[in-house]
């Protein structure tokens, strides 16, 4: 039988395989001296595909060559034989009808099955009947079907249960590689992840809600890749501590109270509301229209998971407040002399309201001269200065409203001739004046002594603080413009005559008194 011209079953030989075979056979050129080798194209064959056992360096002077299945030349394992001299093909006992033998020694297998995998022997007989053999091996792999993920626990509980996921491939698992991914990221062994030998089974220890997935297992062999459908775990958890929104806890009468409660839970939690510890509604939201101050109190959201048996609560205190009324500002005197004191009082009927002070429509910046009462209702300025002149207001507020008082303008009376010097500057001036007077007095004494003849004259330099009876140079203490006497320096110049006999009566000494006055206003 001439195998090279044998007809193939319809649809069994892909055109791509035949074209590849033709290309390989056309490019083959025999060599006379090289060793015969055989190449399986491809070496890893997908089931139901073709494989070509391509011979290299086939000798030219051959009487015949034959292919055998296995590493043998037993007659019952012969597939086909070719005789070059007669260009004839013959089939053997192992021929399946899917093989084609070529004159260059190559053998084409069509529609490969798993049973075809193994070793094949080419037996060559030369013209002198000497026989040589060459062998080749190829592997056949199944086309992988889509795998499927199964779980040993369909409803694991967070923190309590572990789960094993198994990738079922429906083919021989020994020749398959398994890869796992979660949320598109590759998984490997870790603290809570364990993989079986071969990676076919993935175990999650002490599952959490973050282990939900989805999971995908991927199967690989040398000829194909396939992936499972995404698989997600139904992890039971919760409820977490509920959150009540919105965050507002103060409302004014006439508004609507609308509260919503949420707690993470699987399955979804059951919700209950209690007002002042009394059951009110079994819903996730609570709505009370047109509230009054009687609606103030504690609002409790109670949640329960019927599967885990866990419950959680959150309490929110709601206060309904009346808007504040306008405060009234009063003052001891709106026209104040500089360095006097003034007291402003903010009057309000709203107990517990917050009080703030404003100066020229801006928040008042307190100085060391300003003091506030414990509840901020009284502002005292002592002493008051000209920069304190302006408009004052008080502002009261509660969490739902704010009101400002009437405006009071403070006028400050001050002496325009006053420079407004500090106490330190005044003290410096006084010291300077006293020192200047003393210097002038000393200079006058020196000049007078020289003019009177040097050391013959005596000078009496004294300092007194004359009484008001003798030297009442300052205004009366009762004067509105009181002036304080600081010091008086009294210079007494006693002119001495030359010494005279003791019998002669001494004439009175001429005395001159000079006053220098330094005053502090």
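Each residue, glycine too, has its Cβ placed from N, Cα and C.
A quick note: this is a predicted structure, and the numbers were derived from the prediction, not measured.
On the 0 to 100 pLDDT scale, the region 'Required for homophilic binding' (39-142) averages 94 in the predicted structure. Look at Swiss-Prot and you will find 39-142 tagged as region 'Required for homophilic binding'.
According to Swiss-Prot, the feature N-linked glycosylation site maps to 71 (among others). Listed in sequence order, 119, 121, 135 are the same-chain residues at least 6 apart in sequence whose CB falls under 8 Å from the CB of residue 71 (N-linked glycosylation site).
Residues annotated as N-linked glycosylation site in Swiss-Prot: 89 (among others).
Just so you know, the Cβ of residue 104 (N-linked glycosylation site) picks up 17 other Cβ atoms within 10 Å once every protein chain is counted. Among the features that Swiss-Prot reports, N-linked glycosylation site is placed at 104 (among others).
As annotated by Swiss-Prot, domain 'Ig-like C2-type 1' applies to 147-234, with the evidence given as sequence analysis.
Among the features that Swiss-Prot reports, N-linked glycosylation site is placed at 148 (among others), with the record citing sequence analysis. Reduced to three states, the DSSP call for residue 148 (N-linked glycosylation site) is strand.
If you look up Swiss-Prot, you'll see 199 (among others) marked as N-linked glycosylation site, on the strength of sequence analysis. Within 10 Å of the Cβ of residue 199 (N-linked glycosylation site) there are 17 other Cβ atoms, across all protein chains.
The annotation N-linked glycosylation site is assigned in Swiss-Prot to 210 (among others) on the grounds of similarity to another entry. Within the same chain, no residue at least 6 positions away in sequence has its Cβ under 8 Å from that of residue 210 (N-linked glycosylation site).
The N-linked glycosylation site feature in Swiss-Prot is assigned to 258 (among others); the stated evidence is sequence analysis. A sphere of 10 angstroms centred on the C-beta of residue 258 (N-linked glycosylation site) encloses 12 other C-beta atoms. In the three-state DSSP scheme, residue 258 (N-linked glycosylation site) is classed as strand.
The N-linked glycosylation site annotation in Swiss-Prot covers 290 (among others). Using a 10 Å radius centred on the Cβ of residue 290 (N-linked glycosylation site) and all shown protein chains, the other Cβ atoms total 10.
Annotation note: residue 294 (N-linked glycosylation site) sits in a helical segment as assigned by DSSP. For residue 294 (N-linked glycosylation site), the same-chain residues lying six or more positions away in sequence with a CB closer than 8 A to its CB are 320. If you look up Swiss-Prot, you'll see 294 (among others) marked as N-linked glycosylation site, on the strength of sequence analysis.
Note: residue 304 (N-linked glycosylation site) has non-local neighbours 239, 269, 270, 272, 310, 311, i.e. same-chain residues 6+ apart with C-beta under 8 A of its own C-beta. According to DSSP, residue 304 (N-linked glycosylation site) sits within a strand segment. Taken from Swiss-Prot, the feature N-linked glycosylation site applies to 304 (among others), supported by sequence analysis.
Summarising the annotation, Swiss-Prot assigns N-linked glycosylation site to 333 (among others) and lists experimental evidence as the type of evidence. Using a 10 Å Cβ-Cβ cutoff, residue 333 (N-linked glycosylation site) registers 12 neighbours.
Remark: residue 375 (N-linked glycosylation site) has 355 as non-local neighbours, by Cβ distance under 8 Å and separation of at least 6 in sequence. Look at Swiss-Prot and you will find 375 (among others) tagged as N-linked glycosylation site, backed by experimental evidence.
According to Swiss-Prot, the transmembrane segment annotation covers 429-447.
Per Swiss-Prot, the feature phosphotyrosine maps to 488 (among others).
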**Item:** residue 333 (N-linked glycosylation site) and residue 148 (N-linked glycosylation site), distance between Cα atoms, whole Å
**Value:** 92
**Request:** Report the DSSP secondary-structure composition of the region 'Required for homophilic binding' (39-142) as helix, strand and coil residue counts.
**Result:** 6 helix, 56 strand, 42 coil
